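If you look up TrEMBL, you'll see 140, 141, 142, 143, 144, 145 marked as S-adenosyl-L-methionine binding site. Among the features that TrEMBL reports, compositional bias 'Basic and acidic residues' is placed at 263-273. Annotation source TrEMBL lists domain 'tRNA methyltransferase TRMD/TRM10-type' at 1-236. What TrEMBL records for 254-273 is region 'Disordered'.
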Ligand code: ADE
């Protein structure tokens, strides 16, 4: 996979040399190219922003540097033999970045990121490139960052670990908390490693029992417990067919009941476990 990032803070992307993404680059599984947007400015002050039409606070990133940069970055990529680019525009106004979108992006051969600073990029830039390639405007969460660079790191890491051969163990994706297409997306419960005692804290006996069936059941119960507590929306969205008899017993203990459509919701009478 080829990645291009155009930014006014190339040094912000240094973490792409580290850990999983860094290793994928070193192995040639990922070809990352970071570009400084200011190289495509032609005035004395290397201006990339201007005041918004219609007034209002903040500044807007100008069309010309982005247009010139993206034309060159795309031309260079095509010359290197890349194909099928998609533009990934991090913005708090984008669609939520999910595991499903990470999988979709991981299937594309070439991602071009345009992290913005200030209030964002002049709309015409996205409109122009949308005539040539898919444009994904993505938000990594309901909060506003000072710029899109951190979002590029997030998206890149989520996508890179899905590339064939990057994680080593292909099965690990299937069990991801948010694996798309799963009947139920549950959060993972607590995990433990040696030593068996630490500062007076032990580990649940069942994990030492060697009984695979009981361990699997315990893990599932803990996943239900954690999901009901931290992400009740995931339980509410679950296909009720995803829950077996034991799941239903656990959900009942946790104060959850099936509604008229079969989907589970929190029993308003129940006391928090
Ligand atoms: N830029 C600023 N905030 C952002 C967010 N939440 N997601 C993606 N890009 C952003």
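We number each residue from 1, going along the chain as drawn.
From the backbone N, Cα and C atoms, a Cβ is placed for every residue, glycine too.
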Exercise for review: Scan 141, 142, 145 for binding-site residues whose C-beta lands under 6 Å from an atom of ligand 1 and note them, or write none.
Suggested key: 141, 145
Exercise for review: Under 8 Å Cβ to Cβ from residue 141 (S-adenosyl-L-methionine binding site), same chain, six or more residues apart: give me those in sequence order, or none if nothing qualifies.
Suggested key: 96, 97
Exercise for review: With DSSP as the yardstick, break the region 'Disordered' (254-273) down into helix, strand and coil residue counts.
Suggested key: 0 helix, 6 strand, 14 coil
Exercise for review: Would you find the one among the binding-site residues 140, 144, 145 whose Cβ has the most company, meaning other Cβ atoms within 10 Å?
Suggested key: 140
Check your understanding: When you measure from the Cβ of residue 142 (S-adenosyl-L-methionine binding site), how many other Cβ atoms are you left with inside 10 Å?
Key -> 7
Review point. For residue 143 (S-adenosyl-L-methionine binding site), which residues in the same chain are close in space, meaning a Cβ under 8 Å from its Cβ, but six or more apart along the sequence?
Key: 92
